[in-house]
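Annotated in TrEMBL:
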type	residues	note
COMPBIAS	B:121-135	compositional bias 'Polar residues'
DOMAIN	B:43-162	domain 'RNA polymerase III subunit Rpc25'
REGION	B:121-142	region 'Disordered'
Amino acid sequence: MEVVNENSAMLSNFEVYGLLTDIQAGRGQNKPNKHQQQLATITYETIKYLETKPCKHQSEESITEFMKELQSFNLTKAEKVQILNLCPTTAVEIQLIIEESEERLTEEQIYKLLDIIVKYNPTEADQEEDNLAEMDSSND
Amino acid sequence: NVGLCIALWDVTKLEDSYIFPGDGASHTIVNFRYVVFRPFMDEILTGKTKSCSKEGVYVSIGIFDDILIPADAMQHPSRFDDKEQLWAWEYETDDGKHDLFMDIGEEIRFRVVDEIFVDTTPSGPDGTANQPSEISDTESKKTPYTIVGSISEPGLGLLSWWNS
C-alpha cells in the first residue's frame, strides 16, 4: 500500500462524528458486517469521545455561519479548526490557539471573537440558563 | 507513519482487476481516502490524566492512550511527590507556595510538541535458537504511535487551575 497524500484535508470533529454515526447506523457505503469488529470498536469509542465535545450541538448551518463571521479575523485554517473543535470560552484559550494573538488581534477583537463563539456554540450551561430564564418569565 | 486510522471516508478511484498466476484471488488497485487521527504540531488538545510516574504524566483521550507529558515540559516549577506518586505544580502567590496536584482522571489541556512513530512489525527469528523462547513483556511494549505534549504555558495543565 502506498500513501499518496498524507494530509489531503482537515476534518472538524463534527464531520467525523457525522461519518461515524452513519457507519454505525449502516447508512454508509460499507455496512458493518461481522468481520469488522475492530471498526465497530473504534467507531464506538470515537463516537463516545466526540459526544463529550461541543460538536454534538453543532449543525451544518451553524458552522457555515460561524465560518463566515470568522473570516474578518484573518485566521489560518488550523486556528479555525481548533476554535471549532475546542470552543474556547476564555481569552487565555484564544491566546493558546492563535499564534501571536497580542500582535494580530486587539483586546476588543478577542472579546468580539469570544462573543461570536458563544453565540454559535451555546454550551449546556448556557442552554440551562436560557431554560431557567424562560421558566422565570412564564411564571410571572 | 500517518497517525491513528479510524474509518474509510470514501473511495476515489477503482482501477482494473488483475489475476496473477499462482494466486486465485483477484487484485484491484484502489484509491481511497481514510479518516486519520493525527493532531498537528502545536495543536491544543484536552484529555484526562491516566497515570503519573517519574518520567511525566500519561494522558488519554478515550480513543488514544499513548500521550506523554515529559517531566521537563511541566509548568515551572513542578515536582514529583513520591508519597502520593503524583506530579504537583508549585504555584507561588503572595501568601506562599501552593502545591497544585495533578490528580488522576482530571481534565487536562496540553499542546502537542512531538510525535514518535515506531515500526512494530515483527522481525525475523534471531540466530540463537537454542534458548527456550520466552515472551518478554518489556520488548513487546513498543507503541507504534506516541504523542509528546507540553503544559508549560499559561492556560495549559489541569482545567481546574484556570477556570475561576
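Residue 1 is the first one shown; counting continues down the chain.
For all residues, glycine too, the Cβ spot is worked out from N, Cα and C.
TrEMBL does not curate its annotations; it predicts them automatically.
Each residue in the domain 'RNA polymerase III subunit Rpc25' (B:43-162) gets a DSSP state, and the totals come to 10 helix, 56 strand, 54 coil. For the domain 'RNA polymerase III subunit Rpc25' (B:43-162), the mean pLDDT of the prediction comes to 79.
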